[in-house]
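Chemist: Submitted below is the structure of interest, expressed as structure tokens.
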Amino acid sequence: MSIWEYANPKKFMQTSAFLLPWVTGLALIAMLVGLVWGFFFTPDADKFGATVKIIYLHVPAAMMAISAWTMMLVTSLIWLIRRHHVSALAAKAAAPIGLMFTVIGLVTGAIWGQPMWGTWWAWDPRLTAFLILALFYLGYIALWAAVENPDTAADLTSVLAIVGSVFAFLSRYAVLFWNQGLHQGASLSLDEQENVSDVYWLPLVVCIAGFVLLFVTLVLIRTRTEIRSRRLQALLTRERLA
Amino acid sequence: MIALLFRDLRLAVRAGGGFGLGLAFFLLVAVIVPLGVGPEPATLARIAPGILWVGALLSCLLSLDRIFALDFEDGSLDLLATSPLPMEGAVAVKALAHWLVTGLPLVLAAPVLGVLLNLPLPGYPWLVISLALGTPALSIIGAFGAALTVGLKRGGLLMSLLVLPLYMPTLIFGAEVVKRGAAGMTVATPLALLAAITAGALALLPFAAAAAIRVNLR
């Protein structure tokens, strides 16, 4: 048994068909529990009031926006090194989901920022870095859409994902240098002093688990769709040649 | 490599090569901005570093698709690929030619446009130094973007979308150098970071661009 077995599309389809209902169910349960718990059964915070509750959407979405790009980087590398098509298709499938998480992070941040900072948008380092990340997602998706040959597209987008990762990382630290921020520090760092208090922390972790599972669910569904559409293309080509 | 460099330079300078277009565009940016924001010297002095850097960046962007597109169309890129010169070297030389034709004139013209925008006096040396250090990075990053989109019919717009996010760190540090220089502050940190980005991009991006070109020629 090796993990590369799942690079076989047939094996991937079988396994993902088996896993999908479980992952979907778990994602639903975790998100329901986390969000309901967070929204209705936690006290209002001293300084924030009820607005603190948007944290249960904002933080998990922001984390997943970065995680999705990391996953695309890894799958792109696997495609470049081992030429497994499923890997390239998974990267393609993850991009729009990652973009949506980025947009959710930005929008919930704006909604939260309005009552707290008195402005929808500020050129704060974290906000700016996220906007740049959204632009990277857009470029990546546009490149996939623009190149006709699927293998060429997979190669080019993989190279872009690698170079883009480096520059997204650089931008993250460049904007820190460029402007001081309004955004608070880490909410969940391993350093306990910085953390939000336990009352908020537990439902937040459940929400994050829910968002991770939601991401896995969506990526599985979209990758399966991509594989099916690739099979369809192959069938159509064969028919035309016959 | 030298022959390729001179060939690219000749093609760029002769009629239809678009030499000077980037420079004209840079001038236009410097003229348009005061028309848009008003002629107050204090306002202009404050935004001059940023405008000059953004203008230089956009002028660079304008001529990027010429790096590979014409050679791709007439087949000379295929000849380059089969020549003994490694593709990485060809990319580096073509980026150098692009810089000599676009980046270097921008560096030289920038002080004049600084006068138009009322850049404070201490800013001038830093403007020239930061552009001289930063525009090579713009050229090589742009060459990577051009290499990604070389096979596409209408790649120009897509290339802007791909390249502009990659330009952001360079822009931030470059404009910061000029801003601090103009305010009389110390510029060592952003200048070192700008130089680091240029050095890193020059060292690594030819490989990425060459990989993209090989894929596009396949």
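Every residue number used here counts from 1 along the chain in the order it is shown.
Each residue, glycine too, has its Cβ placed from N, Cα and C.
The feature domain 'Cytochrome c assembly protein' is assigned by TrEMBL to A:5-183. According to TrEMBL, the feature transmembrane segment maps to A:20-42, A:54-81, A:93-115, A:127-147, A:159-179, A:199-221.
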Chemist: When you check the transmembrane segment (A:127-147) against the transmembrane segment (A:20-42), do you get at least 3 Cβ pairs under 8 Å, counting only pairs 6 or more apart in sequence?
Modeler: no
Chemist: Please determine whether the transmembrane segment (A:20-42) and the transmembrane segment (A:199-221) are in contact (criterion: at least three Cβ-Cβ distances under 8 Å, sequence separation 6 or more).
Modeler: yes
Chemist: State the mean pLDDT for the domain 'Cytochrome c assembly protein' (A:5-183).
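Modeler: Mean pLDDT for the domain 'Cytochrome c assembly protein' (A:5-183): 87.
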Chemist: Which residues, given as numbers and ranges, are at least 6 beyond the ends of the transmembrane segment (A:159-179) yet have a Cβ under 8 Å from it?
Modeler: 69, 72-73, 76-77, 80, 91, 123-125, 128-129, 132-133, 136, 139-140, 143
